[in-house]
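Q: Have a look at this one.
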Amino acid sequence: MEKHEDIQYCFQDGNSSCRKVLLSTSIYITLYIFFSLISAVTVFLNVLVIISISHFKQLHTPTNLLILSLAVSDLLVGLIVIPVMTVAIMESCWGFGEYFCAFHFFIACLCTSLSLGNLVLISIDRYVAVCDPLLYHSKITTTRMMCCISITCYLALVNSLINPIIYAFFYPWFKVTAKLILTLKIRRL
């Protein structure tokens, strides 16, 4: 006969609750410390970049505007995405609720889209600087760079909002899951 006293469930009051996976304490603490250090270093270094570029006037160049935009999006990754994903990876039960689950998915998609968009803009900027150095300052201005950053932010926002809709058309399982999440019936399963 099996002993059922040792089994822990995510939600003790539910019949269909999933089983809680238990890790050894040393692995648990080590992984939490590791992910916490990654998050803290990410936040600290991006804040350092943001303060440096914002404070010193000689760093207000079009290229540094791109680096500033990348630092802001990576700061959001370090503040929001990494800590919540750490808990989601380490814990077998989601304890933040349905609203935060949908919000976190949106923010994670938005931050990664912003980071990728900024990296694309940086690569285009460097391409123009290397291939056409004499016309670089006339082609790449601070105003144009601010417009490009704004367009990238807008496209990242649209991507984060449109992605679930696109997935719903092509994947039936996603449509069912999205419907359950949006109607907040996910906990009743």
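Positions of Cβ are set from backbone N, Cα and C atoms, glycine also.
Remember, predicted model here, so these are calculated numbers, not experimental data.
Marked as transmembrane segment by TrEMBL: 29-53, 65-90, 102-124, 145-170. Marked as domain 'G-protein coupled receptors family 1 profile' by TrEMBL: 45-189.
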Q: Six or more residues beyond either end and a Cβ under 8 Å away: which residues meet both conditions relative to the transmembrane segment (29-53)?
A: 23, 59-60, 64-65, 67-68, 71-72, 74-75, 77-79, 82-83, 86, 89-90
Q: Under the DSSP assignment, what numbers of helix, strand and coil residues are found in the domain 'G-protein coupled receptors family 1 profile' (45-189)?
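A: Tallied per class, the domain 'G-protein coupled receptors family 1 profile' (45-189) gives 124 helix, 0 strand, 21 coil.
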Q: Mean pLDDT for the domain 'G-protein coupled receptors family 1 profile' (45-189), as a whole number?
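A: Mean pLDDT, the domain 'G-protein coupled receptors family 1 profile' (45-189): 87.
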